[in-house]
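J.: My questions all concern the structure below.
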Ligand code: GTP
Ligand code: MN
Ligand code: MN
């Protein structure tokens, strides 16, 4: 037996000793295994079968009503020194955290089966991929991990070869919100989660491993783990440029990743290819470019709002072999959520008779789990072990005012400042009151596994001799007019902005320099057939100097939150822009 296998076996044995399961099952990821788990879940009520004619092999899971979202206040990064976790994380001393978790885990799997789930984040044969093993007592978690990761025998073989893997321990416990913790031990490459069966808390390969632990690991190994979609844009000449984009949760990553270009663009030969919709791992290649992989194998997307109009690619992949969590359901057993253009809900997400007066049919954070291979725009390049070279990185958030439709950063340092300063507004009140700006650096506030000051420094470190880094842009699809209406049509029409960006990359488009970055003139964007009036477009592309002056002050205060861990270079960049304004 290899020493790696021994260490995996020892760990599994020690967890079994602590948690006392009735049985241990090592998952191989096979269809037969999945079929048995589905049968078990249909019998115990974890899953409800959906309409076999319209939705073959589709199931609905209703979670505990108090367990429907990530729990940031119960999520901890446990490093020896609190400053290493940083003010951007909740911190707990590792020894104390282990004591608390051991007490929760003691005997928690009595009467249950313990599943050992080996998985690989990224293509199984990619040097950029990393492996983990999740131990869980939830068959629902196993079924989701099978879709979201390369799970089973091949991953286990790689782990036995390589030795290093992230150890994740998960138990649904009693699903009691008062006995719930999501603990990260980046220095031990381990995760411990208790008391929740919900996606981000329970599918440990996703946010816990591929973002929090991986971002920490990436810093020590010289790469980046980011909350970004990856998309390929093919121009009429047949050249494909890959773009990664970081938007906070519920700000349109899944939409942009599966964008369908406007009719005119499609006729001209533009195509959009999906690589990933939530997480991006970027490594510098031998040629100096950044290469990106999507560590996931599936999509765990927000259901409400997904429709033929907003995301036809997503709709096309959801009519077979999918798991729906907390959506409503029609009388004939089809999944239903708000925003759907047809069908009528009969039961709501808690299984009650649907009553509009009580609330929405689907929980606002209801989700679908589906293999990426089912997405019509998914590209084989997503399986390339080398990853895809990035031409551009985009940062964006919800800003009802101030931030223009698109801005190009002058250089990498400026781009890192743009990412670090990212913010998203709480939904603007109907009265037109200014939304509360919450900083969410690189959309990683809930996910960076270490101090943001060190994280900014790590980003800056990629700018070295020989590097051919992607251009960095900022976008804002969410500008609102005085009536609170979105000024930019968004969705497929975001293609028009992507075209400008790519033409900046290849030196074919014009821009105007301003202190906060380079802006297109209205004429530089293709707005044919949009019906957007000139004044609105002008406003979307205008620099509000007074507003930006105040913004730079606020960014200055924010950077101080990380004290002397914030790189001087970043502070100087901010000061220079503030002075120019
Ligand atoms: P996570 O999966 O939670 O990380 O979030 P995400 O970034 O993938 O969010 P998602 O794509 O599910 O965001 C959906 C929300 O963004 C919905 O409310 C959409 O209506 C809205 N949205 C997406 N693209 C656009 C756009 O171009 N314009 C406008 N106005 N809204 C958009
Ligand atoms: Mn996300
Ligand atoms: Mn998403």
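Using the three backbone atoms N, Cα and C, a Cβ is placed for every residue, glycine included.
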J.: According to TrEMBL, 198, 199, 200, 249, 365, 366, 367 bind substrate; so which of 70, 80, 496 is the extra one listed there?
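T.: Of 70, 80, 496, 70 joins 198, 199, 200, 249, 365, 366, 367 in the substrate site that TrEMBL records.
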J.: Given that TrEMBL assigns 250, 251, 252, 253, 254, 255, 367, 491, 492, 493, 494 to the GTP site, pick the one from 219, 352, 398 that the record assigns to that site as well.
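T.: Answer, per TrEMBL (GTP site with 250, 251, 252, 253, 254, 255, 367, 491, 492, 493, 494), from 219, 352, 398: 398.
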J.: Starting from the Cα of residue 366 (substrate binding site), work out which of the binding-site residues (250, 252, 254) are within 10 Å.
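T.: Cα within 10 Å of residue 366 (substrate binding site): none.
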J.: Just to be sure I understand: of 70, 199, 365, which binding-site residues have a C-alpha no more than 10 angstroms from the C-alpha of residue 254 (GTP binding site)?
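T.: The binding-site residues passing the 10 Å Cα test: none.
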J.: Should any of the binding-site residues 207, 227, 278, 491, 493 have a Cα within 10 Å of the Cα of residue 249 (substrate binding site), which are they?
T.: 227, 278
J.: Quick one: of 250, 251, which of the recorded positions has the smallest count of other CB atoms within 10 A?
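T.: Per-residue Cβ counts within 10 Å for the recorded positions 250, 251 bottom out at 250.
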J.: For the GTP site made of 250, 251, 252, 253, 254, 255, 367, 398, 491, 492, 493, 494, how many Å separate the two farthest Cα atoms?
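T.: About 25 Å separates the two most distant Cα atoms.
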J.: State, in Å as a whole number, the widest CA to CA span among the substrate-binding residues 70, 198, 199, 200, 249, 365, 366, 367 given in the record.
T.: 16
